[in-house]
Amino acid sequence: MSWTIDKVKVLFNKPLLDLLYDAQKVHRQHFDPLEIQMSTLLSVKTGGCPEDCKYCSQSARYKTGLRAEKLLQVEKVLQSARTAKEAGSSRFCMGAAWSNPHERDMPYLEEMVRGVKALGLETCMTLGKLTDSQVERLANVGLDYYSHNLDTSPEYYGSIITTRTYQDRLTTIDKVRAAGIKVCSGGILGLGESNLDRIGLLLQLANLSKAPESVPINMLVKVAGTPLEDSEPVDAFDYIRVIAVARIMMPTSYVRIAAGREKMNEQMQAMCFMAGANSIFYGCKLLTATNPDEDQDMKLIRKLGLKTQKVRQSLTDEEEGASLLKDVMTMDDEKYYQVI
Ligand code: SF4
């Protein structure tokens, strides 16, 4: 179904409880409503980015105190992936603060994808723009997801980023999609955008040739030194409303509560799950911003009677130990209660 602005406005204007009810019905038609997919995000190359995204601590243009680092060694990345798997994540996302990767980086990136996949985790990368041959190389090593946010509506985009166009982003998404890589793409609330911009963002995402399999909805994490450090906070109900509308517009996508979750109390997160969110970033660090403590997350999941999506079946004997972990992450296993 192709969405129009008028249809989305109807959703935005619904009383919140009606909207939540509708979103929950859609959610239950397509997903186990108690299952949450857990992703861990690691910054494999931090800081020094030439782009000028006004919200970002990693842009070299702003004085945020963040030190630029080199690409992490493959073994360090794999160590983090093992830890993420042991903590219950099913997907491992690797982010680099680049405009685009250099050819010299490709062999290392390929090795990272191969190594993380060998652990039985889904792989995701966010590396900026990609050439055709880079897309092909990542597809050939089996990268599962490419993450590339649209951030906001096409109309508001130019107020936030000037060094890369909206069309650049759409082109990158089309390229990875055409190569058979799944797409993770969403946006950020709290950039000073209007409700119409929020609608515009969701329209873009839902009307792509195929909606992204993962849709992260970020709430701005204000970083001192960036142009958006004094932005108005996002109202909790506005955020929940966007989650619910995203769920209805993209019924088979994983809708993720992404950056900013640290500022959300348990009740707000529970309402997001009611609204159809079924994925979270899990782990203490979200690129360069903090994320809620893992134990806190598992306590919330237990309190709400939710369960985490299991990691894929292991590929080697060495994985037997990890399958125990997989068991302890499941609510209906009594071992789960012992580790909390
Ligand atoms: S959001 Fe990404 S592309 Fe933009 S400045 Fe930050 S690291 Fe660079």
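For all residues, glycine too, the Cβ spot is worked out from N, Cα and C.
Listed in sequence order, CYS56, GLN58, SER59, ALA60, ALA97, TRP98, SER99 are the same-chain residues at least 6 apart in sequence whose CB falls under 8 Å from the CB of CYS49 ([4Fe-4S] cluster binding site). Residues or ranges marked as [4Fe-4S] cluster binding site in TrEMBL: CYS49, CYS53, CYS56.
Neighbours of ARG256 ([2Fe-2S] cluster binding site), defined as other CB atoms within 10 A of its CB across all chains, total 26. Per TrEMBL, the feature [2Fe-2S] cluster binding site maps to CYS93, CYS124, CYS184, ARG256.
Here TrEMBL flags 34-258 as domain 'Radical SAM core'.
ARG256 ([2Fe-2S] cluster binding site) carries a strand DSSP state (E or B).
CYS184 ([2Fe-2S] cluster binding site): 29 other CB atoms within 10 A of its CB, across all protein chains. As a whole-number mean, the pLDDT of the domain 'Radical SAM core' (34-258) in this prediction is 95.
Close to ligand 1, meaning a Cβ under 6 Å from one of its atoms, are these of the binding-site residues CYS56, CYS93, CYS184: CYS56. With a cut-off of 8 Å between CB atoms and residues at least 6 apart in sequence, the same chain places SER39, THR40, LEU41, LEU42, CYS124, MET125, THR126, TYR145, SER147, CYS184, PHE281 near CYS93 ([2Fe-2S] cluster binding site), listed in sequence order. Counting only residues at least six positions away in the same chain, the Cβ atoms of SER59, ASP151, ILE160, ILE161 sit under 8 Å from the Cβ of CYS53 ([4Fe-4S] cluster binding site).
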